[in-house]
Amino acid sequence: MIKEELNLWAEGVEFKHWDAYYNFILSVLNFLCIEEYELSVVLCNNEYIQKLNSAFRQKSEPTDVLSFNYLEENGQINHKIQGDLIISLEYLEFSSLEFNVEMYDELQRNTIHGILHLIGYTHETNDFQNEEMLVIQEKVLRETRRVF
């Protein structure tokens with residue numbers, strides 16, 4: 001039986017665009033040919049993500065997105081997801097100013113980024129021209145863009 005479950009919620013932040021965001025995530029999963037998924041996405045503040053970053057990565061600082069994959073990683077790209085994404089809207093507000101982009105563009109980009117990690121992609125650098133994962137990320141963003 002194919003499982004298709006997507007849960008969204010907020011921790012310590014207000015978010016008003018749940019329907020649009022839900023549909024955006026479904027479009028990303030469809031674009032990436034994800035056959036089966038159990039995915040939870042938490043939109044949060046810096047305090048919430050910093051606690052998780054400290055507990056699981058031993059980094060006592062906030063970050064943009066954390067991904068937690070509950071499937072066995074085999075070094076290959078998987079077309080199933082069982083995991084969680086934690087995304088700090090507070091952090092994205094800062095980075096959107098730094099990169100001179102809309103905050104919702106950063107939300108979409110970081111959501112795609114986290115999903116790519118959950119299906120097995122990794123990157124060593126932040127080179128958007130040459131890192132396969134980041135090239136794919138930007139392609140998916142272009143193709144599924146502007147839902148807010």
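The backbone N, Cα and C atoms fix where each Cβ goes, glycine too.
The Zn(2+) binding site feature in Swiss-Prot is assigned to His113, His117, His123; the stated evidence is sequence analysis.
Apart from His113, His117, His123, the Zn(2+) site neighbourhood in this chain, defined by C-beta within 8 angstroms of the site C-beta centre, holds Ser67, Gly114, Leu116, Tyr121, Thr122, Met133, Leu134, Gln137.
Counted within 10 Å of its Cβ, the other Cβ atoms near His123 (Zn(2+) binding site) come to 18, all protein chains included.
With a cut-off of 8 Å between CB atoms and residues at least 6 apart in sequence, the same chain places Val65, Gln137 near His113 (Zn(2+) binding site), listed in sequence order.
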